[in-house]
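K.L.:
Can you keep this structure in mind? I'll have questions shortly.
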Amino acid sequence: MTNSKGRSITDKTSGGPSSGGGFVDWTLRLNTIQSDKFLNLLLSMVPVIYQKNQEDRHKKANGIWQDGLSTAVQTFSNRSEQHMEYHSFSEQSFHANNGHASSSCSQKYDDYANYNYCDGRETSETTAMLQDEDISSDGDEDAIVEVTPKLPKESSGIMALQILVPFLLAGFGTVSAGMVLDIVQHWEVFRKVTEVFILVPALLGLKGNLEMTLASRLSTAVNIGKMDSPIEKWNLIIGNLALKQVQATVVGFLAAVAAIILGWIPEGKYYLDHSILLCSSSVATAFIASLLQGIIMVGVIVGSKKTGINPDNVATPIAASFGDLITLAILAWISQGLYSCLETYYYISPLVGVFFLALTPIWIIIAAKHPATRTVLHSGWEPVITAMVISSIGGLILDTTVSDPNLVGIVVYTPVINGIGGNLVAIQASRISTYLHLHSIPGELPDEPKGCYYPFRTFFGPGVNNKSAQVLLLLVIPGHLIFLYTIHLMKSGHTSLTIIFIVVYLFGAVLQVFTLLWIADWMVHHFWRKGKDPDSFSIPYLTALGDLLGTALLALSFHFLWLIGDRDGDVGD
């Protein structure tokens, strides 16, 4: 049945005595809704995201929805004057007042790529899709579906503009880290205790293991409406920061152990004082850097929410903007300081490590008190530790390459190629994760083409995630050209910019990001199908793979350049 407004009206009755034989006076209800301009204004100002497939977010308690909006506001979400698109589907509705579950069928989506989300502002990523559902007090269930023209989706240009500024900011942060590493590689601690080079990718990878995971997790919480309440928001923030400090301390210690083992295997020599220095430096660096970056990240995400910018586009690259620089500077400073105290004040190094390790129980208690992080505290160690091991293998490649005087020029470019690849794939993983949180439940995927995840499906499909993969891949070449030229202008490094070097370097960078985006498409959906949160599981693996691929491809590139005789510059001098 269709009314004068072009809405399709479906009436289901529960057979209650007050249902009036199954007929409802829709004229009065629609007129009341259409006259409520004040609620319309409020609804357009408040960032709200509705998720129809999570029934617990739609239970009615004392006439008020758990989302914080009344039933009238929920019903009024079909605003014809704003020409918003509503996708028609049937789902099971739960009546909290009588416990009656109506007949239902599985969700049918019109188009996998047509689901959008936003915070109600024009500057946000897309427009909110508020589904209609009205549950009357007498047990009637009525569904109103409005058919209106489609709202234009986020274009590739708008997406690129939102990503570009934080991407460049993060890129210049990695360039700064590369130049710092190029300087500190000549410090005494880096020359005498070469295992510190193995620590570099593992500790810089903490931004992928922890900072980007935190950014993606909080971005998803913002986009699905879990941070609308101030109490809930601060519970999430405090719990996640405490969890991150626990993970940073443990991962920092394990990274030092991995560096000691990987350094001892090829040389066959073991020094106890060097091992203590590595453990103390790694734990202290991980703790301090993680705390500073976590505070910055919370500010970025809260600010993004208030300004209407999609945090998925900006949070993860900003998480790495100064992360590499801060982490590397702290590592170099602490390592050199502890190394200078080895002979005269030998007890300082173990005391530093014991102090930061002793703080771990405090952070565990805080994180365990918050339900949002209690689960991750018990089950979120596998990806973090595995990612640390993968990054440490990349560090072993870096340590071996730097030991060759002909390939010392690799140092300044390692944080750049690793950081850029990790930033781009983290953006994609965060966007896919948010999409899945909005349009399906863990363990189930939205309707989409079946089969294996081959590259053509990742980059040339019709969905919004395919579009973002194209945009991110197109940013690789211009971004790296800017960063290469910046390094050249700063007269940093040991490598001149020749045409052959630029071509080989860009080929390795594009291959790295192409592979990472392809893997991300499969990995995020894989963890979601297994019922695991992709924000906590996929990003550590992806950024660690970015470190390993970036370091390996860069080492191969320098070997190739040396073999073909590209020595007109000062490669390896």
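Cβ coordinates are placed from backbone N, Cα and C, and glycine is handled just like the others.
Here the structure is a predicted model, which means the values were calculated and not measured.
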K.L.:
Just checking the record here: does Swiss-Prot list Leu218 and Tyr347 under the same topological domain, which would place them on the same side of the membrane?
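P.N.:
Each on a different face of the membrane, per the record.
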K.L.:
Please identify the stretch among 196-216, 283-303, 348-368, 470-490 with the greatest number of Cβ pairs below 8 Å relative to the transmembrane segment (377-397).
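P.N.:
Going through each listed stretch, the top one turns out to be 196-216.
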K.L.:
Considering only the recorded stretches 163-183, 246-266, 283-303, 470-490, 544-564, state which has the highest number of Cβ pairs under 8 Å to the transmembrane segment (499-519).
P.N.:
544-564
K.L.:
Just to be sure I understand, if DSSP states are collapsed into helix, strand and coil, how many residues of the topological domain 'Extracellular' (304-313) fall in each?
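P.N.:
Helix, strand and coil residues of the topological domain 'Extracellular' (304-313) number 7 helix, 0 strand, 3 coil.
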K.L.:
At a threshold of under 8 Å on Cβ distances, which of 196-216, 246-266, 283-303, 407-427, 544-564 pairs most often with the transmembrane segment (163-183)?
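P.N.:
Highest pair count goes to 407-427.
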K.L.:
Report the listed stretch (246-266, 407-427, 470-490, 544-564) having the maximum count of Cβ pairs within less than 8 Å of the transmembrane segment (348-368).
P.N.:
246-266
K.L.:
Using a Cβ distance cut-off of under 8 Å, indicate which of 246-266, 407-427, 470-490 has the most pairs with the transmembrane segment (544-564).
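P.N.:
Between the candidates 246-266, 407-427, 470-490, the best contact partner of the transmembrane segment (544-564) is 407-427.
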K.L.:
Take the topological domain 'Cytoplasmic' (565-573) and average the pLDDT across it for me.
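P.N.:
The predicted confidence over the topological domain 'Cytoplasmic' (565-573), as a mean pLDDT, is 53.
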K.L.:
Based on DSSP, tally up the residues of the topological domain 'Cytoplasmic' (267-282) by helix, strand and coil.
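P.N.:
Reading the DSSP string over the topological domain 'Cytoplasmic' (267-282) gives 12 helix, 0 strand, 4 coil.
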